[in-house]
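*Asks:* Got a structure for you, questions after.
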Amino acid sequence: MQIRSLRFQDIKTHFPIKTMLIIIGVWLVLALGNFLSIEYGVYLGVDLFFPFSVLYPSEFLWQGFIFSFLFGVAGVYCWDKVERFSLLQVILCCILLVFLGNMMQGSFDNTFLKPFYWKGQQYYSDAIKVTDAADFLRTFEEKQDTFLLHTKTHPPFVVLIHYYLLQISGGSIVFLSLVFTGFAMLIFPIMMRIWQNFDFPALQIKKLLLLLAIVPSVNIYTLVSLDGLILVSVALALWAVSEVYKVGKVSLFSIVLTVLSIVISNSLSFSGLFVIAFLGILALVQLWKRDARFAWLGGISLMISILVFLGYYYIGGYNHWGVFRAASASENRYGFMLFSIPKIYFATRLQDIAEIMMFLSLPFITLWFDRKYRASFLEDSFTKTVAYSAIFVLLLMFSTGAYGTGETARACLFIVPFIFILVRKISAITFTIVYFLCVMQTLIMQTVGDFFW
């Protein structure tokens, strides 16, 4: 169904408006409660605009409003023509929508350059100080506390990526930005292949690609972001799982994908442990069902990945485990949050979950909370197993106190592909409504807010 032919009566009939209004009501009550706690001096570790952990007012540049208009027009046009477009054309539409969404910030500088240099607290600021890459890697652990906040809580390879790209380009932030953007945009062809392996219909894949491009989390945080790189690296593991499902056995290709996923994600962020835990949980569930394929996939890939990190240690002098322990201690100075600061623990756990849901978009999550529409998502048992294994691991990470400062819409961007493989069966008209409302939410968020961390 085309957006241009939508009527309000269609929305009333084919979308759970009442459920969405209840969700908005609950959000406003929680936001008010958080505001009052701040007003009366009860510190819960949650920022003012619950559940947003980072939100600044937009500069409201006139150019931004032009791009807001273009984003809305492109969003409608791409959807209405989706049946005629090839998959390649749809992927190009996705890249265009992400670009237009971010250009609502009003300028090329705000969109592509500022994320690297603003506040002088980003990886770029440490990368330009590196004089010897080998020495930086070898001495990273002993100097860890002297680096900027983001650098000292991540593996050193993030800074080294910045360093080498700057070396290649003669210090060009534009080149740095284009490489980050180009790598992050690989999420669309990767997801296309994953849905194909899980036997999604071609038209459904096209629509899901467009929806993926305009949900706030992907539209806002994929471009020019480390988390866009992590999103792609984690999605490689999901691609590997889908390959095993498709061909019926563990192949060399699926092992290569999994090793790349484990090594790249763990080299970029300690959240990369998610991939290992996900593969472990999935293997256990499938072993219970007498299916050992995923145990072999995870086991072989993990052993190869361990050899890579041993190479880091014996060849490069880099101790990944030691750096992880130091970063963990830095983020949890008072010990386990549940025991040391229980109020903050529970409040931030709620914020972590709520922010992911908000950035998936209110219309999208509304379908999950409505009994009638939720049933249309959950059809294939294996994709449910895969998605729920991933969600379980993420909740387990939250329970440990991870992501104590929020920002999960960005830092946990990698969970989005696992949620999107559940959108198996949904009526054409409901899909159109969800997409249209999601375009509107993202347009508003990108126009009035700046979510840069």
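Just so you know, glycine gets a Cβ as well, placed from its N, Cα and C.
Quick paste of what TrEMBL says about this protein:
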type	residues	note
TRANSMEM	21-40	transmembrane segment
TRANSMEM	60-79	transmembrane segment
TRANSMEM	86-104	transmembrane segment
TRANSMEM	164-188	transmembrane segment
TRANSMEM	208-241	transmembrane segment
TRANSMEM	253-282	transmembrane segment
TRANSMEM	294-315	transmembrane segment
TRANSMEM	353-370	transmembrane segment
TRANSMEM	382-403	transmembrane segment
TRANSMEM	415-438	transmembrane segment
*Asks:* Do any residues of this chain, six or more beyond the ends of the transmembrane segment (382-403), have a C-beta under 8 angstroms from a C-beta of it, and if so which?
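*Replies:* That would be 198, 238, 241, 245, 271, 273-274, 277-278, 281-282, 285-286, 332, 336-338, 345, 348-349, 352-353, 411-412, 415, 418-419, 421-422, 424.
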*Asks:* Could you tell me whether the transmembrane segment (353-370) and the transmembrane segment (21-40) have 3+ CB pairs under 8 A, leaving out pairs under 6 positions apart?
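*Replies:* In this chain the transmembrane segment (21-40) contacts the transmembrane segment (353-370) - 3 or more Cβ pairs sit under 8 Å.
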*Asks:* Which sequence-distant residues neighbour the transmembrane segment (253-282)? Criterion: at least 6 residues beyond either end, Cβ under 8 Å.
*Replies:* 153-155, 157-158, 226, 229-230, 233-237, 239-241, 243-244, 247, 294, 297-298, 300-302, 304-305, 308-309, 320, 324, 327-328, 385-386, 389-390, 392-394, 396-397, 402, 411-412, 414
*Asks:* Can you tell me which recorded stretch out of 164-188, 208-241, 294-315, 415-438 has the most Cβ pairs within less than 8 Å of the transmembrane segment (86-104)?
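*Replies:* If we count Cβ pairs closer than 8 Å to the transmembrane segment (86-104), 208-241 scores highest.
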